[in-house]
Amino acid sequence: MTTIKTSNLGFPRIGLNREWKKALEAYWKGSTDKDTFLKQIDELFLSAVKTQIDQQIDVVPVSDFTQYDHVLDTAVSFNWIPKRFRHLTDATDTYFAIARGIKDAVSSEMTKWFNTNYHYIVPEYDESIEFRLTRNKQLEDYRRIKQEYGVETKPVIVGPYTFVTLAKGYEPSEAKAIQKRLVPLYVQLLKELEEEGVKWVQIDEPALVTASSEDVRGAKELFESITSELSSLNVLLQTYFDSVDAYEELISYPVQGIGLDFVHDKGRNLEQLKTHGFPTDKVLAAGVIDGRNIWKADLEERLDAVLDILSIAKVDELWIQPSSSLLHVPVAKHPDEHLEKDLLNGLSYAKEKLAELTALKEGLVSGKAAISEEIQQAKADIQALKQFATGANSEQKKELEQLTDKDFKRPIPFEERLALQNESLGLPLLPTTTIGSFPQSAEVRSARQKWRKAEWSDEQYQNFINAETKRWIDIQEELELDVLVHGEFERTDMVEYFGEKLAGFAFTKYAWVQSYGSRCVRPPVIYGDVEFIEPMTVKDTVYAQSLTSKHVKGMLTGPVTILNWSFPRNDISRKEIAFQIGLALRKEVKALEDAGIQIIQVDEPALREGLPLKTRDWDEYLTWAAEAFRLTTSSVKNETQIHTHMCYSNFEDIVDTINDLDADVITIEHSRSHGGFLDYLKNHPYLKGLGLGVYDIHSPRVPSTEEMYNIIVDALAVCPTDRFWVNPDCGLKTRQQEETVAALKNMVEAAKQARAQQTQLV
């Protein structure tokens, strides 16, 4: 008979009330000392594990918890430290310097964790790295929980194939050699766990879902080298986010268990299971509860799915678990959450997903009748949610059906539009601008809280927003920026703001998830059809424009980013949701243009993150993503300039799609890529308007004029001068005013110097 256990891959770090964020930021500001900070982090770690124990999870992970990022943890443990930080002597200072930068050294690059909204710190390889195990965090965490709670846990570490695949600074042909150099470190780390009596370790290898058959075979050799040195420690090879194509090779790995995602695999893992079976002597860790979305599971449907898996895989032991780490969903339903009852009851966060696993285990062990009450409650909650969502339906479907090809394209080509826009806008060569947001001071946050608590009237709050907007319009004019922004002081988050103002969205107060470092976001919940209600940005943008003779950009978040940064409904396709959002935003774009705004920016920073992991699935997504953007923007006059912005992406993968957006100007986060995108542009020119970020806004460091001038000069070597823009990487909301003004002053001066040089060349 098959033994059934519940397992988890990872749990949110941030705490129910973002205590983790607050502890980090207090330490960075110097308002708490290191001992206090480490104690706070330890308490949060213990609390996260205790929650999983209390939910009766049989196999609880450790070392998924981190002070910043689990990939950075792995790098630092292996002494994988960039040269510019090796002079630092304190381990904690070094760790945070890599993530955040210091005065004389820029931070390491940050990019998306596969196709999620989580960002990891990219390890930087160079041949001078002296690999050694400097810390066994897995052992420390295992001991800490054993001491505190007396329970066995499952240490987690990023595997050698995935870790090196996610790194940069080496040629592709060098990857295998670097992976092999890491093998002795993995062996040392795992043997120390084995000597401690650890029973299971989880080695995460999500990169195997995108690996070629050759690479899966190569990774198998790594595991053969590692596990041949072990005797009693069981290794779980964990994959997630999709299926593994080289399945037959995967199930032959010399490990004691294999984790597969049966939620986001498009049914492929189950088909592989049916075709090739599964080793009966290995544990099958089946991801059957969605680790990335927030909707309550249909327990009967999920139970039947697990029984289907069991009927095929005659394994001695089955672990049921989330499809991925629960890092990507909120911690738990907050007792003070304000959502409508039928909506709230239809949601399931990390803690609730663990309860679903426990119920499924009971159904598997004792039979479906044993959880009949839970099954019926889940069905009732799902049906109530469906009825609630139906009540919010709109006329969108009819409008979408009436769209024609002309609704998805501008009337004339870019080159013709450019001439008209140059004449209409009257901008200088190498125009300077910012991406949208300016620092949200304590005063801004306090004003928003007073308004939300009804301590301030709408009029009081609007007067404050207007005053802050005017102050920053004046600052921008003093800095001599060419195209201004209103600063977005009325917005807490670029997606949240629109989620609150469009029909079909619900907005939470406490459903926070980690985006990067201490930054947490509350993704809107798309539960029904999305519909435009009334203008959302026109009033604030028009007010800002009234204060200056320079152009002020209208600022919107694009349909694909709103989709990808929300928790979308799961009863219709993502394409249909994106088109609904695009149609709603199209009306906002038209309202801005009708109000006299001549430059409108529609940000799509998350376009790439929505890519399916397998390249064979890309075309379908990229086609409808570009169509959704053009649906948003194509109704404007030829003289109206459409901008878009992207960040944290491997742009090389989507350059054709960027072109298909048909935006007049795209601004791109660039400084943390350390010139990588410029190298690409040398051989793949981009001929529309382009602004490559000249400084990193994620760091408090103020770059010099010379540094930014050099970046501009390097860019102009491969980019057309007459359509190049100068801008920071991203929005400046999280920065302080002093450093923002100083950096922008240097940026404008760098642009002036580059402009003068180009004028002399002409």
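The backbone N, Cα and C atoms fix where each Cβ goes, and this holds for glycine too.
On a predicted model such as this, the values are computed, not experimentally measured, just so you know.
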Further binder of 5-methyltetrahydropteroyltri-L-glutamate named by Swiss-Prot next to Arg18, Glu19, Trp20, Lys21, Arg519, Cys520, Trp565, Glu609, taken from the candidates Lys103, Lys112, Lys688: Lys112
Which of Glu620, Glu669, Glu706, Glu707 belongs with His645, Cys647, Cys730 in the Zn(2+) site listed by Swiss-Prot: Glu669
Of the candidates Glu480, Glu488, Glu652, the one that Swiss-Prot places in the L-methionine site of Ile435, Gly436, Ser437, Asp603: Glu488
Spatially closest candidate among Gly436, His645, Cys730, the listed binding-site residues, to Trp20 (5-methyltetrahydropteroyltri-L-glutamate binding site) (Cα to Cα): Cys730
Cα-nearest neighbour of Glu488 (L-methionine binding site) within the listed binding-site residues, Arg18, Lys112, Cys520, His645: His645
Three-class DSSP secondary structure - Arg18 (5-methyltetrahydropteroyltri-L-glutamate binding site): coil
Span of the L-methionine site, taken as the largest CA to CA distance across Ile435, Gly436, Ser437, Glu488, Asp603 (Å, rounded to a whole number): 13
Spatially closest candidate among Arg18, Ile435, Gly436, Ser437, the listed binding-site residues, to Cys730 (Zn(2+) binding site) (Cα to Cα): Ile435
Cα-Cα distance linking Arg18 (5-methyltetrahydropteroyltri-L-glutamate binding site) and Cys647 (Zn(2+) binding site), given in Å to the nearest integer: 25
Fewest Cβ neighbours within 10 Å, where candidates are the recorded positions Ile435, Cys647, Cys719, Cys730: Cys719
Whole-number Å value for how far His645 (Zn(2+) binding site) lies from Ser437 (L-methionine binding site) (Cα to Cα): 13
For Gly436 (L-methionine binding site), nearby residues of its own chain (Cβ under 8 Å, 6 or more apart in sequence): Val485, Glu488, Met494, Lys553, Met555, Gln601, Asp603, His645, Gly731
